[in-house]
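Annotated features, as they stand in TrEMBL:
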type     : residues : note
DOMAIN   : 8-407    : domain 'Major facilitator superfamily (MFS) profile'
TRANSMEM : 43-66    : transmembrane segment
TRANSMEM : 97-115   : transmembrane segment
TRANSMEM : 136-153  : transmembrane segment
TRANSMEM : 165-184  : transmembrane segment
TRANSMEM : 224-243  : transmembrane segment
TRANSMEM : 249-272  : transmembrane segment
TRANSMEM : 284-303  : transmembrane segment
TRANSMEM : 309-329  : transmembrane segment
TRANSMEM : 341-361  : transmembrane segment
TRANSMEM : 381-399  : transmembrane segment
Amino acid sequence: MGKTWTSGFIALCLGQALAHQTSLTFSVLIPVLTTEWQLSASRAGLILGVFQLGTLVAYVGVGFLLDRIRSKPIMCVSAVLVGCGDLLFAFGARDFLTGFALRMVVGIVFGGLYLPALKQIADTIPIDRRGTATGIYIAIIVLAYAVPLYYVGLLAPQIGWRPTMAGVGALELLGAIVMAAWVPSVPRPTMLKRLGPSRYVGDVLGNRQARRVILAYTGHNWELFGMWGWLTPFMVAMLVARGSAHNSALAMGGMLAAGAIGLGGAVGAVAGGRLSDRLGRPETAMLMLGVSLLCSAVFGWLFRSPPALLIAIALLYGTVSLADSPSYSATLMEVVPAHSLGGAFSLQMLTGWGATVLAPPAVGLVLDLTKAAQLSPAAQWGWGFAILAVGPLMGLMALGPLRARSADLGPVAQPRDQAGLGSR
């Protein structure tokens, strides 16, 4: 990897990390806003889900745009809008309805960050390094998801959640500046005028390998974002049940969740990316899906277990639930022609991000139903997390045939000059 792309990749990761601060912030605020806004678990889950819905809507459009325009302007404008949206949330959200609407808006503009970064990686990094590079990028983004769980949980009880969210917005605006100043522009595609939309039928919809990868990614996201959305409330509830004061439980619960999601996820993403370059994409993904399925099935039932055991399982859960992620994006970069990659990402996000819209409300609904049935807290959380195991099960079923025919996953993406991407 040369210096030219390395410096740009570092700037990309830093700017994206700053711009992604908002991702799980509402999850930390649930224990606070449950009282202030009189939120049920189902309504809190709806706000978590509508953020994902907004992002999904944006992803579908952004993916197709990436086959026509450069990725850098999309990332920079989106980062500015995300920062402004969080400032609006900080000073304008007053109840469930306003919070719901503003988080949806932030989710929409948030959708212009992730896919352009993947396209930047696909356009600038050699194919034999993409699994590792994608893993590093995902690890950085996961840290950006996780770190706010700690500092928002720490600051919100001290200075209030509104000033805290304003600070989140300021960091996102800084991310826009970093990307605008130091991320290099990739030349615009030059061949697309001769390629019509019909190319997506064969390149993506008719591509069996791509379809199976996208289905597995959908199951992966169901589990991942359901767990991410509810891990902090779980940790807070666990600490309160052990006698902690609410404010201290909020800070400590956020820190524990940040460790499991951030540290575990970062290690998992980097290790999973490197392993996928060496062991193979489907083999790596299936290994991680199998372990994460077991974690989803048992995690919530450990509510009354010794804290040390619970924290260890949470760290494992956070690691394996993300370790398969680099395999999906790296595989699409290899099995879909470069001139249709943005469209493939759009389909991936349409189904994969659709699962993230449904998973958090589904967990919230299960928590409400089991609470109404007067089940124990361990049973409530046990069933809440257990429904997330459906995701990795679906992924295993989708990837099984690919693992049996691993040769099918050989690179077929066109070289840059043939794909019309121009010289770099």
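Even glycines carry a Cβ here, placed using N, Cα and C.
Just so you know, TrEMBL annotations are computer predictions that nobody has curated.
Mean pLDDT for the domain 'Major facilitator superfamily (MFS) profile' (8-407) in the predicted structure: 91. Of the two recorded stretches, the transmembrane segment (224-243) does not lie close to the transmembrane segment (165-184), with fewer than three CB pairs under 8 Å once pairs fewer than 6 apart in sequence are set aside. The transmembrane segment (43-66) makes no contact with the transmembrane segment (165-184), as judged by fewer than three Cβ pairs under 8 Å among residues 6 or more apart in sequence. By the Cβ criterion (distance under 8 Å, sequence gap of 6 or more), the transmembrane segment (381-399) is not counted as touching the transmembrane segment (97-115), fewer than 3 such pairs being found. Within the chain, the transmembrane segment (136-153) has long-range Cβ neighbours (under 8 A, six or more residues past its boundaries) at 9, 12-14, 16-25, 27-29, 114, 117-118, 121, 161, 164-165, 168, 228, 232, 250-255, 257-259, 261-263, 265-270, 273, 322, 325-326, 329.
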